[in-house]
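Below: one structure, written as structure tokens.
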């Protein structure tokens, strides 16, 4: 922490300028403790999101970091992983303090820290208003390594000398703009005054209004600034078709015919249930098609292997459920087949959409039974898009 006020005044309000561009694109390359890495994968992460690729390493390296990121970008895990890497598990004292604007958010952060730190010997306590003060004091006396809470209660506990700050390494402010706009400015400043001078500061905020910038100039030393825009998914550049399949039972033959017509470089086939994924995998394997399957019942290790094979191209067709639609990075996939139309329209874009900046072309083919027509029309309306009947020359388009 420092009173260093050069360098940030020029930043236009609303958006910071990134001054750091190092990217680490896998968790394996972050030099994390083995038991922490195990927790990261067990939590279900496969590869780091944009903010995780940029912010985890500088925080671990000891830099003050300002990250401008919306929720949904993976920011909670960013600072949770960083905090867990930095703490000494043997030392029963608060070493990382996380402050959030609401009780709900504080509890949510605590759950993430506990889950990712599952294989580590750590305690994380949520210190929030509306709970019994005595219980809080007892929990803090036990010396949890990570404490997360709302500004009022945290300040109170430091004042009472129950939350000790002498071993504090890292102070994290999540949703700083929210916190300051809710009138917590004074408490935040007071907390800063009570922390050791050497404490490293990480600040996360969706917007950068003047009061947030003031905190950064007053209390941060040469901060690394990282701006992460939330990636918008788009259906642009994706040709969307449907095949009218009168009955559910006819879908399998339709899929086999499609296989014969089209040379598939790589495809993902989505079904709505795990049972259907397994059934379809068995049926296609029996017809001598090589496919791999993936759904939420599988162990993380097994899913990693399947994903690796698929990414490297050694497996060409992946059959999956929606659970994985959001996690599969399928930029290289030329064909997505919705064997079942998604049960809700939001998942449609997660299955077939692409990040706008990649602008990859692709083809999506929807198998539509008589019962699905209404859902398909809803999807078209919701996304203002057109799904046309699949033409005979579909092979030329893939």
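Backbone N, Cα and C define each Cβ position, glycine as well.
Annotation comment: Swiss-Prot describes 69, 70, 71, 72, 73, 74, 75, 76 as ATP binding site, evidence class sequence analysis. Per Swiss-Prot, the feature domain 'Helicase ATP-binding' maps to 56-226; the stated evidence is sequence analysis. Under the heading domain 'Helicase C-terminal', Swiss-Prot lists 237-398, citing sequence analysis as support. Per Swiss-Prot, motif 'Q motif' is recorded for 25-53. What Swiss-Prot lists as motif 'DEAD box' is 174-177.
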Validating a neighbour-count step here. Other CB atoms within 10 A of the CB of residue 74 (ATP binding site): how many? 18
Binding-site residues listed as 70, 73, 76, least Cβ neighbours within 10 Å: 70
Looking only at residues six or more beyond either end of the motif 'DEAD box' (174-177), which have a C-beta under 8 A from one in the stretch? 71, 75-76, 79, 98-101, 105, 109, 203-209, 212, 215
Per-residue pLDDT averaged over the domain 'Helicase C-terminal' (237-398) comes to what? 84
